[in-house]
Amino acid sequence: MLCPSCHCEQAAGNFCSVCGSSFRESETYDDAIYEVIPVAESYAPAESALLTRVSRNADEPNRLSGYTDYFQRIIKNPSQALASDHDHFYYGMLSVGIYMATFALSFYFLANKIYTAMLGGLSTLFSEQGSQQALPFINFTSSIFFFVLLFVGSAVVCMYTANLLMGKGMSFKRLIAQYGSVVLPFSCLNLIAIVFGLAGYTTLTLFTAGLSLFFTISILPALFIYHHGLHRTASTRSFYWSIGTSAVSMIVSYLIVRTFVLEFLTQIVNVGNSL
């Protein structure tokens, strides 16, 4: 036995024969140390796990804060849009929403410009009585937004169905992420249409917005299916799948125009004739 005070050794006994220190206190103290150490170690994994969770939460990016960088990157190099994955699903949804909103605004500003001109232009802006001086913003834009939603939705359904029929179809989130990224440049084209609409250039506004919509619901689905089909089927089959997807999307768009858009345009013409 080793004395904790003078470090002298002796064979047995409860007290040191040299300094008189108790061996029981030393054993009790050592036992207390050995009991504390496992407790301290037991808290170490929990503390480490907590720090790991805090670190992950701190490193998790805000989905909206990085959208500006994402927008600039896609505009500079649109080919990166087809590399988007599930993580960009919310960015894709936001991009599609921006496209539809800018498209609706371009038609509203053009229609409102024509409406104001038919009422007499600047002379009616200062009148306190008489007819309404501007088109109802919510009612008009919501109608256009609904029509564009039908067009875009039909194109997405056609692409998703074609991917499933081709085999190994991608998930819906990934499709939205990539399609939303692809339509971003056409949102910029809609912004140009808004400028033309504010200026009252009817032909340029209709041409710019119409070109944007045509590419979005016809050309882009064909390119999208052809690009992904090359990695799964023969190039000839991918070509026919892409053409078929574009054709079906155009047929559905035609039915939407016949069912909803023509009736809306008829109402607009009737309002114009009544002025």
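Using N, Cα and C of the backbone, Cβ positions are placed for all residues, glycine too.
Feature annotations, reproduced from TrEMBL:
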| type | residues | note |
| --- | --- | --- |
| TRANSMEM | 89-111 | transmembrane segment |
| TRANSMEM | 144-165 | transmembrane segment |
| TRANSMEM | 177-198 | transmembrane segment |
| TRANSMEM | 204-226 | transmembrane segment |
| TRANSMEM | 238-257 | transmembrane segment |
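Away from its own ends, the transmembrane segment (177-198) comes close to residues 71, 74-75, 78, 80-89, 91-96, 98-99, 102-103, 105-110, 113, 152, 155-156, 159, 204-205, 208-209, 211-212, 215-216, 220, 224 of its chain (Cβ-Cβ under 8 Å, at least six residues beyond either end). Ranked by number of Cβ pairs under 8 Å to the transmembrane segment (204-226), the listed stretches 89-111, 144-165, 238-257 are led by 238-257.
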